[in-house]
Amino acid sequence: MFLLCQSFVVISLTLFLASSPASLPSSAIDLLKFQDSLPLLSQKLLPWNQSSSSSSPCQWPGVSCYPNKSFQVKALNLSGYGLSGVLNNSITFLCRHKHLVLLDLSGNHFTGVIPHLLVNCGQLNTILLNDNGLEGSIPADVFKSKKLVQLDLGYNSLSGNIPPEATWNSYQEMPVSKASCEKRPFNLKLTQPIPSNKHIKTG
């Protein structure tokens, strides 16, 4: 009887460890932390679940991974999910994905300022934050990344001037340091079709 009970305890412990968050890849854990940082309603709108049939984040809605890589997240497309919350409180978990190159949070209800912590997402080449409720000015730190080729902040409630850092000393189309964000809906698009010919568009 003692041996039977002992075996049951061992089996139960094994099953618990197999289903615990520790068994998930770190990329999945960081995504779940991002989800947990959102308001409860938004958590329910985001269909990620550690107890789902697949523990691979590459199978989760909105998540794209590199082929033949070990759970490395390449792109996160959460456009139009109806998510809300203060983005500045949540972005840090997404910046932990060191191979993430595209972040699309457009068409949601995020509020607060544009996160200064985006400077820690230096691997991103595309950031889409348009069609939200973001306020305040554009932090100059966003433009420190040499990999950034597209930034869309349109249809938010931004104010102030476009930082002179946005010029990267190589823009030719307009004096962006004098441009204003006060027109609503303000639309800022940063694109780089050719590495030697970066340009910025407002409208």
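Cβ from N, Cα, C; glycine included.
Owing to the predicted nature of the structure, the values given are computational and were not obtained by experimental measurement.
If you look up TrEMBL, you'll see 1-18 marked as signal peptide. Under the heading domain 'Leucine-rich repeat-containing N-terminal plant-type', TrEMBL lists 31-65.
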Helix-strand-coil residue split for the domain 'Leucine-rich repeat-containing N-terminal plant-type' (31-65), DSSP-based: 15 helix, 3 strand, 17 coil
Whole-number mean of pLDDT values that fall within the domain 'Leucine-rich repeat-containing N-terminal plant-type' (31-65): 86
